[in-house]
Number of protein chains: 2
Amino acid sequence: MNDITTPPAPCAPEDVRRIACVGAGVIGGGWVAHYLARGYDVTAWDPAPDAEHKLRRLVDAAWPALTQLGLAEGASPDRLTVTATLQEAVADAQFVQESAPEKLELKRDLLAQLDAAAPAGVVIASSTSGYPMTDMQTEATDPGRLVVGHPFNPPYLIPLVEVVGGDRTAPHAVTWTSRFYEVAGKSVITMASEVPGFIANRLQEALWREALHMVANGEATVKEIDDSITEGPGLRWAFMGPMLTFALAGGEGGMAHMLDHFGPSLKSPWTRLEAPELDKELYDAVVAGCDDAADGRTIADLVAERDQGVIDVLRATGRLPQQRTAQEDTK
Amino acid sequence: MNDITTPPAPCAPEDVRRIACVGAGVIGGGWVAHYLARGYDVTAWDPAPDAEHKLRRLVDAAWPALTQLGLAEGASPDRLTVTATLQEAVADAQFVQESAPEKLELKRDLLAQLDAAAPAGVVIASSTSGYPMTDMQTEATDPGRLVVGHPFNPPYLIPLVEVVGGDRTAPHAVTWTSRFYEVAGKSVITMASEVPGFIANRLQEALWREALHMVANGEATVKEIDDSITEGPGLRWAFMGPMLTFALAGGEGGMAHMLDHFGPSLKSPWTRLEAPELDKELYDAVVAGCDDAADGRTIADLVAERDQGVIDVLRATGRLPQQRTAQEDTK
């Protein structure tokens, strides 16, 4: 599979000035807003008839938020050019972000067209929500420069981008892309190998599917599902992931104690997703992984961090618990 | 099944002053801290030999956080009494919170013991993470007063409590319990019927199991899993649930457009959990449920709310995106 001919990118990640965004819906438009705010020149193309109008409205709606975050010097919505053709959009680009609808055939064809039109060596990243690049790069002449750069909605606010190549992606293209996103202000996870849905989408897709099952079975309403997250685990997940927060359910014994305590629950029908066998290997991997993630912080440190984090999030979102007390209620 | 003899609770939810917490580990201890901070007198019992020492340490560790949140008048760690027996703990209680280890037989026996020891009519709530009360109330003489009151860790900071009765629970006991938790400063979801794992735990259990599969298969590290949530969807879920945030992925078309766009992805292997069939009934239920949850807010309103929420959460947790720009990098 290693018929890689991709020339090195024409400029260093730090030197990129001109970005093409192909597909300007919610995700593509969000990328446009992000890159404009970071001071890039952006060209955009989308085949929808009212695409430019919608895109400029999205950028305008996002701009106050981006201003709060702090704009790069010279950043302006005026540095957006909407082009009439895909070819014009990418002709002079130093990086291409593809955000077309989530249809495999469409992505395959579009990536091949972008490959044909973009300057040699320029990296083309796909915002796909879950297709492996190996499946999408089949039609391109130079598949080596095709990389997944999967953002979260809205890309101008949520830091995460998952970067991963396909079988025929040049390793230097993956490295270049990860560095480029860092320079562009994103938080990057570079995956060692492809898995459908990458990481965060596999996790949120599991939650989403369980939620759909619950709605389908009349077990919970949409609002109850949302409230159960925002008033519950969602408060912790804004700053401490599910693994470390679960470790804290183990008290001073941490993840090992948590697995001892809740391991048997993996056999319970608490979701429609069957759990893996919690054998010694998995047990050890999870415990060791938590130790790595804790990076020297003790359980007490993590508890203090979590507590402060929840308080800060509750305060920031105007939701400190009611202060009403038993005494006050009878006054 | 309706052989319900539960007398009305001996006092109104607003008049509760004395709470017994049985089981004083991470969750039970967290409840103790919460109730103390809200100004209640708390008795606690736990069979572990060093339980009192650990419990007082947990309360002391939580107190600075609780002080930040604002203590009720007269609230003090000194209003905790650790008793030598279960009977002493509940003898004078007006509400009992059971937080024993997650073992069905143990819960059954303990709830029967608590039922035998607590004053008539006093509600006994179980912190179980997922067992239906129907399965736990089998040994009690008065099952009518046994209710699930499922908190999230730590109960002194995370507002959510899920309340649900079993087949033999008296409806007025459920109503009383929900009102009591509201008075005690919690955010309550009262479920109409039992489902193992309730709502939030079914959702987070699906995510947890997918995460364990990924670790077991070497697809992601523990740290990558955590980072993918805290830098990604977790930022939104602190204030807007997964359903409404997904609706915003549909742009101005909202949830209907999102389902049109991502519906086919339910067939993709993006998690190990099979999705339900997205038939017209489910489609309509999800779209209508989102409309209900939006409660008159337009998509533009929700986008603005989400954007401000993410910014507030990023700022509160010290994680505004890097301000570095392409220009600055080459200065």
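Including glycine, each Cβ sits where the backbone N, Cα and C put it.
According to TrEMBL, the protein has these features:
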DOMAIN    A:19-191  domain '3-hydroxyacyl-CoA dehydrogenase NAD binding'
BINDING   A:Gly23, A:Ala24, A:Gly25, A:Val26, A:Ile27, A:Gly28  NAD(+) binding site
DOMAIN    A:197-277  domain '3-hydroxyacyl-CoA dehydrogenase C-terminal'
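Projection of TrEMBL feature records onto the structure.
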residue : record              : CB count, 10 Å
A:Gly23 : NAD(+) binding site : 27
A:Ala24 : NAD(+) binding site : 29
A:Gly25 : NAD(+) binding site : 23
A:Val26 : NAD(+) binding site : 24
A:Ile27 : NAD(+) binding site : 26
A:Gly28 : NAD(+) binding site : 25
Residues of the domain '3-hydroxyacyl-CoA dehydrogenase C-terminal' (A:197-277) by DSSP state, where helix covers H, G and I: 55 helix, 0 strand, 26 coil
Overall pLDDT for the domain '3-hydroxyacyl-CoA dehydrogenase NAD binding' (A:19-191), taken as the rounded mean: 97
Proximity to chain B among binding-site residues A:Gly23, A:Ala24, A:Gly25, A:Gly28, where any Cβ pair is under 8 Å: A:Gly25
For the NAD(+) site built from A:Gly23, A:Ala24, A:Gly25, A:Val26, A:Ile27, A:Gly28, further residues of that chain with CB within 8 A of the site's CB center: A:Cys21, A:Gly29, A:Gly30, A:Trp31, A:Asp46, A:Ser99, A:Ala100, A:Ser127
Mapped DSSP class for A:Ile27 (NAD(+) binding site), helix or strand or coil: helix
